[in-house]
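Some features that TrEMBL has for this protein:
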type	residues	note
BINDING	His66, Asp104, His312, Glu316	divalent metal cation binding site
Amino acid sequence: MNLRELVSALNDFASPALAESWDNVGLLVEPSPPHTVNTLFLTNDLTEEVMEEAVQKKADLILSYHPPIFTPLKRITWKTWKERLVVRALENRIGIYSPHTAYDAIPHGVNNWLTKGLGTCTSAPLHPSTAPSSPAGGTHRVEFCAHAEHLDAVLPKIKDIPEVSCLTTLPARVEGEEQTRVSLNCSEKALLEVVALLSQNSFLYHKMEILLLQKPLLPHTGMGRLCTLSKPVSLSDIIERIKGHLQLPHVRVAVGAGRTLESPVKKVALCAGSGSTVLKGTEADLYLTGEMSHHDVLDAVANGISVILCEHSNTERGFLAELRDALAIHLQNKISIILSEKDRDPLQVA
């Protein structure tokens, strides 16, 4: 596949608009066009060891869940390891694409995969995502009623304002008089021009109503998940389920105040990666994530909430096998998709 065609398909699989505002997602490194992708290489973290593996396996595009370029690079030299990743990628004509929190948000993404380690449960996003835009277009709706003589001069001027859309006029009866009801959608920038224009006619200005068009919530989409188990199980059982799902010999556990390893767990709040911000303040029996700050763990425990920490990327990496299969279908098996064998969490129990 052509690189740009592939990037478009990857964006369709998980829109970059779903990523958090602070994130750096999408195509991060692009070889000079035209660039054909025969092999897509999946990794959770793009380290130098993983980059060497990608080169050896003749990858044309690396999909790195975590963005290897996050803070701006002021130069591309051989001095730091992240700069060297970019040099190696361009020398070997390998593109780099990162989805990160866009994959956290989607219904078929990382957090959904993590819930499968709990057993049978229902789940909903802790922080639902909103649609990228209002279905009606624009950010505001302006409505007003007036007699025809008030509208003849103003409507053509409104139509000439950029970013005004869906302008409609309908007959209306107001206080026993035949009038015309005007409705339009516009951007925030255009709203200033519309209001300025209508304010030149005091009658129209005082009849005007402005509505903020809220972006609708997207079903099953957003950050984190609140999971309700079909039936309560003990904390010790949940620990074993998570270890099995993530294929880990050990996890770190903090038992909530007043709880024990045999205490029942019914509600689990989870977030792949670093979950402190997403989980904070959520009422649950258990928090499941990769890492949390010491003080956030203390807060949870003091509130009777147990915590399971699995290390950051251990809560994400297992998703890649599921992603490989999903992308193969999404891309109609047009390219080869392989998983890194060198990618691993940097922390281990010694």
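Keep in mind that glycine also has a Cβ here, set from the backbone N, Cα and C atoms.
In TrEMBL, annotation is done automatically, which means it is predicted and not curated.
Here the features listed in TrEMBL are painted onto the structure.
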residue : record                             : contacts (Cβ under 8 Å, 6+ apart)
His66   : divalent metal cation binding site : Asn44, Asp45, Leu46, Ser98, His100, Ser313
Asp104  : divalent metal cation binding site : Val110, Asn111, Met223, Cys271, Ala272, Gly273
His312  : divalent metal cation binding site : Gly273, Ser274, Gly290, Glu291, Asp345
Glu316  : divalent metal cation binding site : Asn44, Tyr65, Val110, Ala272, Gly273, Gly290
